[in-house]
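> Before we start, here is the structure in question, set down as structure tokens.
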Amino acid sequence: MTDSTSRCGYVALVGRPNVGKSTLLNHILGQKLAITSRKPQTTRHTLLGIKTEGPVQAVYVDTPGIHKDNDKALNRFMNRTATQALRDVDLVLFLVDRLRWTDEDQMVLERVQNVRCPVIVVVNKVDRQEDKRELLPHLEWLSKQLPEAEVVPVSALHGQNLDHLEQLIAERLPEGEHFYPEDQLTDRSSRFLAAELVREKVMRQLGAEIPYQVTVEIEQFSQEGPVLHIHALILVEREGQKKIIIGDGGARMKKIGQEARLDMQKLFGSKVMLNLWVKVKRGWSDDERALHSLGYHFD
Ligand SMILES: Nc1nc2c(ncn2[C@@H]2O[C@H](COP(=O)(O)OP(=O)(O)OP(=O)(O)O)[C@@H](O)[C@H]2O)c(=O)[nH]1
Ligand SMILES: [Mg+2]
């Protein structure tokens, strides 16, 4: 945009799990802020990622993937969180994965059709689409579902077409003063981000089911001289899960710790000493009170 009008607004990233919402946020910010993994339902909380460039401030809201499975309190919390984020934003980015259209995409589409603000449909992962022409009928079909929306193919992972996307976003933000100082990156605390990085490594290291039964609490977070001391507690549902996370002779736990520590050092710009523990807390993911005390609540 060439004009110097001050613009600012909230931009929700919504879609079913695994379409690349958090990856897109990180690429736009040029920094790893949101956790990502190949497993669905990685993101559990909304997270603001703020990008200020000259007169334009876009406040991105990363959300949990909207999914069908609603049987546990944690799943209900995640779906409610994502749906609520659609309410108070100025622009919605509806992410889909190339031609893969599922019942969950349909669920999200129906919610997005009801929003009042502008919508951009972001067709992600096009780097994986060998024959791009095959996309065209689907892009047209998407346009018909949301006639007012722009439909934009991108690769969030490789940064393809993101300049164009950001341009479209900027043009759709309302005029107004910026909500946040220009150097602010997020609304979340460093403690929150540290817990998420540990959870990401657990998500990435473990097989199919256990990651969904894991949450992380930060017990200590203190700067002592040049070193950040972080103690994180990994909570699981069952004794057997604890053994799997620890691994043979503590090998898996060590790997989780090493990888999380490296990411923390990058994010916080400080040397980090990280201590991890694993504890069993039965039933936490289906217990409203336990969820609340573990940080799964609305502000
Ligand atoms: N090839 C390719 N992979 C991508 C792209 N964007 C995301 N991915 C991969 O897709 C997977 C899911 O990405 P996430 O960003 O965690 O997806 P999400 O939509 O935030 O998922 P939830 O938080 O579970 O709702 C990860 O393995 C990413 O690396 C892309 O443009 N191309
Ligand atoms: Mg995510």
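A Cβ is built for glycine as well, from the same backbone N, Cα and C atoms used for every other residue.
TrEMBL does not curate its annotations; it predicts them automatically.
I grabbed these lines from TrEMBL:
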- 15-22, 62-66, 124-127: GTP binding site (BINDING)
- 198-282: domain 'KH type-2' (DOMAIN)
- 15-22: region 'G1' (REGION)
- 41-45: region 'G2' (REGION)
- 62-65: region 'G3' (REGION)
- 124-127: region 'G4' (REGION)
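Could you place these features in context, so I can see how deep they sit and what lies close by?
The Cβ of K21 (GTP binding site) lies under 8 Å from the Cβ of L13, V14, G15, A34, T43, D62, T63, G65, L95, each of these being in the same chain and 6 or more residues away along the sequence.
Long-range contacts of the region 'G1' (15-22) within the same chain: residues 34-36, 38-43, 62-67, 94-97, 102, 104-105, 107-108, 124-125, 156-157, each at least 6 residues beyond the stretch ends and with a Cβ under 8 Å from a Cβ of the stretch.
Non-local neighbours of the region 'G2' (41-45) in the same chain are 17-18, 21-22, 34-35, 62-65, 67, 74-75, 77-78, 81, 188, 192, 200, 203, 212, 295-296; each lies 6+ residues outside the stretch with a CB under 8 Å from one of its CB atoms.
Within its own chain, the region 'G3' (62-65) has Cβ neighbours under 8 Å at 12-19, 21-22, 25, 34, 40-49, 78-79, 81-82, 85, 104, counting only residues six or more beyond its boundaries.
For the region 'G4' (124-127), same-chain residues at least 6 beyond its ends with a Cβ under 8 Å from one of its own Cβ atoms are 19-20, 24, 95-98, 135, 153-158, 160-161.
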> Is it possible to get the count of other C-beta atoms within 10 angstroms of the C-beta of G15 (GTP binding site)?
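The answer is 26 other Cβ atoms.
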> Within 10 angstroms of the C-beta of I66 (GTP binding site), what count of other C-beta atoms is obtained when all protein chains are considered?
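So the Cβ neighbour count for I66 (GTP binding site) comes to 22.
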> So which one is it: of the binding-site residues N18, T63, V126, which has the fewest other Cβ atoms within 10 Å?
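Counting other Cβ atoms within 10 Å of each of the binding-site residues N18, T63, V126 gives the minimum at V126.
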> What are the helix, strand and coil residue counts for the region 'G4' (124-127) according to DSSP?
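Per DSSP, the residues of the region 'G4' (124-127) fall into 2 helix, 1 strand, 1 coil.
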> With DSSP as the reference, give the number of residues of the region 'G1' (15-22) in helix, strand and coil.
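Split by secondary structure, the region 'G1' (15-22) comes out as 2 helix, 0 strand, 6 coil.
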